[in-house]
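Residues annotated as domain 'Nucleoside diphosphate kinase-like' in TrEMBL: 7-148. What TrEMBL lists as ATP binding site is 15, 64, 92, 98, 112, 122. According to TrEMBL, the feature active site, pros-phosphohistidine intermediate maps to 125.
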Ligand SMILES: Nc1nc2c(ncn2[C@H]2C[C@H](O)[C@@H](COP(=O)(O)OP(=O)(O)OP(=O)(O)O)O2)c(=O)[nH]1
Ligand SMILES: Nc1ncnc2c1ncn2[C@@H]1O[C@H](COP(=O)(O)OP(=O)(O)O)[C@@H](O)[C@H]1O
Ligand SMILES: [Mg+2]
């Protein structure tokens, strides 16, 4: 039996346009399960403008920054911690390219292709790297004990190694 690859965490958002539609939201949770992501934590929240500007600070000054913050404060949305081997890369691959109109041409089976509306209202977010995921998990889930989770991963891999 090959050793079990280590699990990884990523921060996923189901943005307000999607969360407002309970049928589409249920379908997305089914996609998450079908793609074998484990939901380690989840919350539904409503952002202030300050929250949105803090999270998307890297885009301050870009032409779409105001409309992005307006979109992200337009309603409640889901924040999830997803766990899977290669969770960061797999979730980014599942949601697809940033712009849904292009995704519908280049990546038609991705979630942004299926559910995204426009370049700004693209319905999903996924952390883009290990450090980003750590920061974004801390941003949404300050109560989540990431160090403890990492210790548990080390223990799990030791146990599975000794079983080999
Ligand atoms: N470089 C640049 N691109 C722009 C500007 N304004 C709009 N665009 C781009 C953004 C989108 O990729 C595309 C369509 O713009 P829209 O105003 O329809 O924005 P978007 O598609 O994000 O729709 P939405 O804001 O959700 O209503 O054109 C701009 O001032 N500079
Ligand atoms: N050219 C654009 N026009 C409108 N909105 C954009 C554009 N580029 C990015 N955005 C919005 O800003 C968010 C963050 O952008 P970025 O980090 O580049 O993409 P991603 O969310 O795929 O990592 C995007 O999810 C989208 O909502
Ligand atoms: Mg990004």
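Placed from the backbone N, Cα and C atoms, the Cβ positions cover glycine too.
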Residue 98 (ATP binding site), number of other Cβ atoms within 10 Å: 14
Residues in the domain 'Nucleoside diphosphate kinase-like' (7-148) grouped by DSSP into helix, strand and remaining coil: 70 helix, 26 strand, 46 coil
Residue pair residue 15 (ATP binding site), the residue listed as 'active site, pros-phosphohistidine intermediate' - Cα distance, angstrom, rounded: 7
Largest separation between Cα atoms (Å) of residues that the record links to ATP, namely 15, 64, 92, 98, 112, 122: 21
Residue 125 (active site, pros-phosphohistidine intermediate) and residue 98 (ATP binding site), Cα-Cα, nearest whole angstrom: 9
Residues that sit under 8 angstroms from residue 122 (ATP binding site) by C-beta distance, when 6+ apart in the chain: 15, 98, 99, 100, 112, 116
Cα separation, residue 92 (ATP binding site) to the residue listed as 'active site, pros-phosphohistidine intermediate' (Å, whole number): 8
Integer average pLDDT (0 to 100) for the domain 'Nucleoside diphosphate kinase-like' (7-148): 98
